[in-house]
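Listed features, source TrEMBL:
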type    : residues  : note
DOMAIN  : B:27-115  : domain 'Copper amine oxidase N2-terminal'
DOMAIN  : B:123-217 : domain 'Copper amine oxidase N3-terminal'
DOMAIN  : B:245-659 : domain 'Copper amine oxidase catalytic'
MOD_RES : B:Y410    : 2',4',5'-topaquinone
SIGNAL  : B:1-20    : signal peptide
Protein chains: 2
Amino acid sequence: MAQLQSTILIFASIFVISSSNFIQPPHPFDPLTETELKLIRNVINKTYPVGPKHKFTFQYVGLNEPDKSLVLLWHSSPHHNVKPPPRQAFIIAREKGRTREIVVDFSSRSIVSDKIHLGNGNPMLTNDEQEAATALVRRFKPFRESIKKRGLKLSEVVVTSSTMGWFGETKTDRLIKTIPFYLNGSVNPYLRPIEGMTIIVSLEKKKVTEFKDRFMAPLPKANGTEYRISKLKPPFGPVLRNAVVLQPHGPGFKIDGHIVRWANWEFHMSFDVRAGLIISLASIFDMDMKKYRQVLYKGHLSEMFVPYMDPSADWYFITYLNCGEFGCGQSAVSLEPYTDCPAGAVFMDGIFAGQNGTPTKISNVMCIFEKFAGDIMWRHTEAEVPGLEITEVRPDVSLVVRMVTTVGNYDYIIDYEFKPCGSIKMEVGLTGVLEVKPVEYVHTSEIKEEDIHGTIVADNTVGVNHDHFVTFRLDLDIDGTDNSFVRNELVTKRSPKSVNTPRKSYWTTKRKTARTEAEARVRLGLRAEELVVVNPNQRTRHGNDVGYRLFPGPASGPLLTQDDYPQIRGAFTNYNVWITPYNKSEVWTSGLYADRSQGDDTLAVWSQRNREIENKDIVMWYTVGFHHVPCQEDFPTMPTLSSGFELRPANFFEQNPVLKTKPFKLTTTPKCTPKTDS
Amino acid sequence: MAQLQSTILIFASIFVISSSNFIQPPHPFDPLTETELKLIRNVINKTYPVGPKHKFTFQYVGLNEPDKSLVLLWHSSPHHNVKPPPRQAFIIAREKGRTREIVVDFSSRSIVSDKIHLGNGNPMLTNDEQEAATALVRRFKPFRESIKKRGLKLSEVVVTSSTMGWFGETKTDRLIKTIPFYLNGSVNPYLRPIEGMTIIVSLEKKKVTEFKDRFMAPLPKANGTEYRISKLKPPFGPVLRNAVVLQPHGPGFKIDGHIVRWANWEFHMSFDVRAGLIISLASIFDMDMKKYRQVLYKGHLSEMFVPYMDPSADWYFITYLNCGEFGCGQSAVSLEPYTDCPAGAVFMDGIFAGQNGTPTKISNVMCIFEKFAGDIMWRHTEAEVPGLEITEVRPDVSLVVRMVTTVGNYDYIIDYEFKPCGSIKMEVGLTGVLEVKPVEYVHTSEIKEEDIHGTIVADNTVGVNHDHFVTFRLDLDIDGTDNSFVRNELVTKRSPKSVNTPRKSYWTTKRKTARTEAEARVRLGLRAEELVVVNPNQRTRHGNDVGYRLFPGPASGPLLTQDDYPQIRGAFTNYNVWITPYNKSEVWTSGLYADRSQGDDTLAVWSQRNREIENKDIVMWYTVGFHHVPCQEDFPTMPTLSSGFELRPANFFEQNPVLKTKPFKLTTTPKCTPKTDS
């Protein structure tokens, strides 16, 4: 528990509150309900008065991860007739300038743990405090004068909050930098930055603590930044034809609370203000064994590291840790039916605690839909059997669970795709609006500097080079809790003389089970190897280790120097794949406290302990990386760019698990004229 | 024209045939029609009598690539009012033991060129000669005795043809190896190999030239190899629900002959007996410029190299060059509506010349359909504009063109996916049946050898390790013919003192235009770089080079030693990406004559000339690679495993080309009950 090492236990006395009719949600992983969030506020209010007059704010409220063994005991019991694990909430709060970690127990309605965090880093920023900070700036006289000096109208100025990062400072107060943008005819503020000012606000002191107007930069035009269809002018196009997906027998999935059942899959989905969408207890039904078998105990976003590549004063600090600083759940958006998720999608809301502890809802924050992409699950045409022409084809269907988190300018589409063959695909789509820098020129021929740190994407506008590193935490439990990580290297061999054929070489597999964390750090692309998480305690009837294989996507690693501050904080990107032993406190790869963190509580530091990981409960960390050199097509909104990875059963099943799937039996196209608006 | 260097011109006199009402197909890239194939046979029959009594066989008949400048002249003329290029066919034939390259001109109905190929390598095998060869083996007495000796019934034996490869022999006659399999209760012969015999057939002499019965191996069971839904026994599952894709306003694409128009795309699709599906003249409509702009002059499969990793006598030669040896078009299969291609798909037939020159049809060999995968084309939620809540989302649709080529046991799904944003994705899906090796054991604990070269996937059955290297030839013409290949390396820089910020590093792009072929050879994964094909003669209004960027998939390179014969023949896989100057004769990366080739006519050899490629008509070669360590899930049929790559516009357009696409306006789900069978 690295992030708690420097904290001290203040008190843990129990405040018992008189019992009422509070009913625990049906599943231990269900997200905190509105009722529970209210209860948390009430419980805490007894000790720390909450409200506008008091210096107590809720920075993070989430489910306190229940003990894994108790969850599994409950989960595996027939009809869940075993007592579920105690239900508790984990709260990070600011109280009189201190950061507190509070655990509230629901059955006793009491605080069961309360600690002060004394280490580095600050908690997640709340929406409320960011709004308050930017409002402060708008009222700040020197800022108003700077706006006036530029000939701009304050009413058209939008102030947004950016984090400070950490650049070697010893004191890391809860400060943010704010960045002004200009509307005035545009609703796409991120494309009209007002550069040249340094504006630092103390979230604690609630005032502007530093203001510098360093220079005046050109302001990119409003013209060309519009993207609302209602405001764009013809010609429109390209013209796409509508489609309706009809399911004559209804959708293939069933939702029971937060449990989703579809085809051979069953999993739980939840929402957390920091991670956003969480998938847990994903298991797949094995027709041979006539039972569900575990695959993924828990999977979710752990962090998104987004460093920009301009070292100048207006840009150097833009090295976001989106989930840890802004909350990938807090920044998640309501999904629009038919466009964000196709017809037939089912939506779920997300509820989280606002800064004052009251429940806030994002409606339709997650969706579930069946994907009929026209793919082929498996097929074979056999022409060698005399008198028979065999063609057997199974069309594929998959189930997608989606969220979109919009952290300022960028919209991140996060998809978990489940396939009947046992595969789970994690996909990250990048869209939204670029972060741009004003320049005086409109054409490359005018460039005077050696480096403009990006691409001219519009008049007076440079789309600045940057990276996106999206790290998933995947607590895999392949057919049970204790697993090993196998690196199956493909090694070239010279043919032995004994085979007596003219063939000179071949490759074979050199299997190596990673014993410790160091042996499981992987930079993709360096060597040919299969990466497999196996259960060394389970074998197929042919003696193969039961496993799931990682199919990586295209590899991208970090390019910042190792001594650079953002890379010290983002050191969890130094490898594409890491394995750690399960540790309840190692959830956030950038550290529990990511804002202004100093890199002492990252996955890279935990991994240095080089713990044993063989035949243990292990966690896989995978980073999807993008190096983004912007291009004009990314302006004024960016066509989605996707990348991801896949986990596929490898000797998990005794044979093709979809061999006996019946193909769709569509024989006639429905005869009807659907009513649409267009 | 490497493959013609060693040929000599025999004669080129023109046989004029009396004119008739033959009408040329409307497009110069249209595949040879039935009428044309018959005409070719008639024309050739005048010089080389064709028929069962004569030693003349058609090994390859395809369109003789018309002169590119003439095609472009015709293509770009208003209403195509310019004379199309002369229409000709290119024929590779065997005539009295010699390989002839014949060009037939349709307007003059004559042979305009006739050469004898004297170099290495043999032409593609025809289906007819393979069938004749395997029939010979079934009648061959020693073979029948060997079958009898094994206690097997000859009536249940299937004999298939395998190529010999080349292993240093100086004489490379048209020989094949044949491999027997056993049915007897199974319709999945590839899972029941009868090992231990070496059976070589001369295609020319039409006799078994070598037969050895070396040993007797166990025979894997028939039980468990069934995959026909009609023969499998319950329980069935997982259960998937049907879906119907309804398009209230009809499909979004229009087909005019072989031209497909959809959204902003226009392209021509064709079929070739060696390549299969060919996409050409793909261009995209630019709404700003109000015109179609060229992207891909021609794109198709050039080769599939599939070496197996067992050096023993029964396996060492299995190092297929599928397209060059068996024909990826010849091996293409009829696609099944609703399963191979979803509802709404439109199908096209493929016609090719059989061994005796008569037209052979594969119905429904290609399909075109719109893919509604539930993806998001672009989106943005903007929360910073006071008083406005903006969410703009455009759902994505794409157009897929598909073929499936089943080369014996493996089914390869080849998809070209066009997106409205300008992206083209090439995807390869592997499915079908493993190539397996009988072993005496059923469990890993029984293994005695050091290496079984694969995985025990069923009783007495090892799925043998192998690779799939699928090479695409992409003659890109980005906004015109003359293009350059730019390697935009991402280079880490130390922040200069002058910026005066605590940021220590950043990355920037170091642009390098490849001047020669050597500078354009790319092994993926070794360094961070963007690979872009640009038109150096076209710039955006901001001065950026107009281009298309390659987004590679996961990288896999060859693992055989460079001196090994299969790798010499498959040397085109030594790099993932190559660029060559356009050369009409450099179409087949494994050489025009791939069967028993010696690697002297591969892309790797052409590239050694290190020609200039800057601001020239260039061709990109991309290899999608898979290392396949089989697993039990691949038995008895293999769930599709996919990989691919993408080409995306990068400063090709002045801005997001789908900014003004109208979102679907679906407001009501159609109220109707579709009639289906299930």
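Backbone N, Cα and C atoms are what each Cβ position is placed from, and that goes for glycine too.
Sorting the domain 'Copper amine oxidase N2-terminal' (B:27-115) by DSSP state (H, G, I as helix; E, B as strand; all else coil) yields 26 helix, 30 strand, 33 coil. In sequence order, B:V306, B:L430, B:T431, B:G432, B:V433, B:E435, B:H468 are the residues near B:Y410 (2',4',5'-topaquinone), counting only same-chain partners six or more apart with C-beta under 8 A. Confidence in the domain 'Copper amine oxidase N2-terminal' (B:27-115), given as mean pLDDT, stands at 96.
Here the domain 'Copper amine oxidase N3-terminal' (B:123-217) is broken down by DSSP into helix, strand and coil counts: 28 helix, 29 strand, 38 coil. Secondary structure at B:Y410 (2',4',5'-topaquinone), as computed by DSSP, is strand.
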